[in-house]
Amino acid sequence: MIDRFRFCRRPPLVLFLTRSFSFSATSQAKARKMPPKKASAQEKKTLLGRPSNNLRIGIVGVPNVGKSSFFNVLSNSDLGKAANFPYATINPEEARIPVPDVRFEWLCDLYKPASRVPAFLTCIDIAGLTAGASTGAGLGNAFLSHVRAVDGIFQMVRAFDDPEVTHVEGEVNPLRDMEIIQTELRLKDIEWVEKHIEGLKRSGRSLGNNNLADRARKEEIATVEKVLKTLTVDNKDVRKGEWSNKEIEVVNGLLLLTAKPVTYLVNLSEADYIRKKNKWLPKIKGWIDTNNPGDPLIPFSVELEERLAALSEEDKVAAQNEGAQGTMGKIMQAGYASLDLIRYFTCGPDEVRAWTIRRSTKAPQAAGVIHSDFENKFVCGEIMSYEDLKEYGSEAAVKAAGKLRQQGKPYEMVDGDIAYWKSGA
């Protein structure tokens, strides 16, 4: 490990300037008259969600839309309790799923390491939600607490007819199902926010404007009231509101259900998926564009994915060449991106590994994902981009071209960076 990360055993060199300076009254006056500094670059937007790299995504939907079957294919397991009746899943199941990345595969081919560790995303199979879940119907309070515990949502939508698979609402109607999920999540958020406002106001009756703590509490109350307005008056999910960085800090503390990013997965029959035609798809896209514009929509078929999973690699390739193309990799990449996750790589003959970090992570914190000492004793990082390595073909060629850069603490990691960390003793 020491060779791989190229540790610097000596502490960084510090130069002490011994020459003293004095300022006259005139020079001090000039200094006071200097024009103000130019405004810095636009402030970085704080991300919604927990400030963590270990984020989880939950599979959410009404009962009998294919959630557990999808989870089983995704995790290559039978953990999900797939059954033709509601609430077959009570306790959530969890699995760490590798996230496909052609860059990672290329790096493994180049370095031929003894060990290869891709990026992973933790997925949770959550029981189906029904109308009235926010008031406790169908064990809704327990299931909504499982949604609160994840950081993002795969919302499964059923768009296939099958008399052998019953629907809890009697007939297949994905627009109604999407309305149910959105309504129940919003209602639970409204209940939570209203209680939070009551608590804040009780403790803030005697607030003044004379100290920072009182002003901060008033700003917090104003932000939570804005959240309630977004949910009730504006009729929007919290993630679709406009928030300043200060407001986002308050919103993140509320752990709201509608603040979580959503990726819509539309479960089609195999025939509809292969022919790329389904009567519900245009309506589903229209609903998303109206209610939650910008949220990703991925059509796929659990039926097809189950069939492909049972095939040998040779038969799988043949089936895909005939148009039966699997979508699991695309779904995992979309879920990973929805959480603002990126990855950087460490490479060598011992191991090629993808490390998951959130977008906007600085170099010391990225190094700290490997070990806290790398962050605490950070000196610098030797960084090259994946694109440069692929173009030049070797580390030596990248260095000779002047593309290997030494980056310090202010450096913000870019997706696909290849890093070698230097740490002090």
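Keep in mind that glycine also has a Cβ here, set from the backbone N, Cα and C atoms.
Per TrEMBL, domain 'OBG-type G' is recorded for 55-320. Residues or ranges marked as ATP binding site in TrEMBL: Asn64, Val65, Gly66, Lys67, Ser68, Ser69, Leu268. Taken from TrEMBL, the feature domain 'TGS' applies to 340-423.
Cβ neighbour count within 10 Å across all protein chains ranks Val65 highest among the binding-site residues Val65, Leu268. The binding-site residues in question are Asn64, Ser68, Ser69, and the one with the fewest Cβ neighbours inside 10 Å is Ser69. Residue environment of Gly66 (ATP binding site) contains 26 other Cβ atoms, counted within 10 Å of its Cβ in all protein chains. Under DSSP, residues within the domain 'TGS' (340-423) fall into helix, strand and coil as 24 helix, 34 strand, 26 coil.
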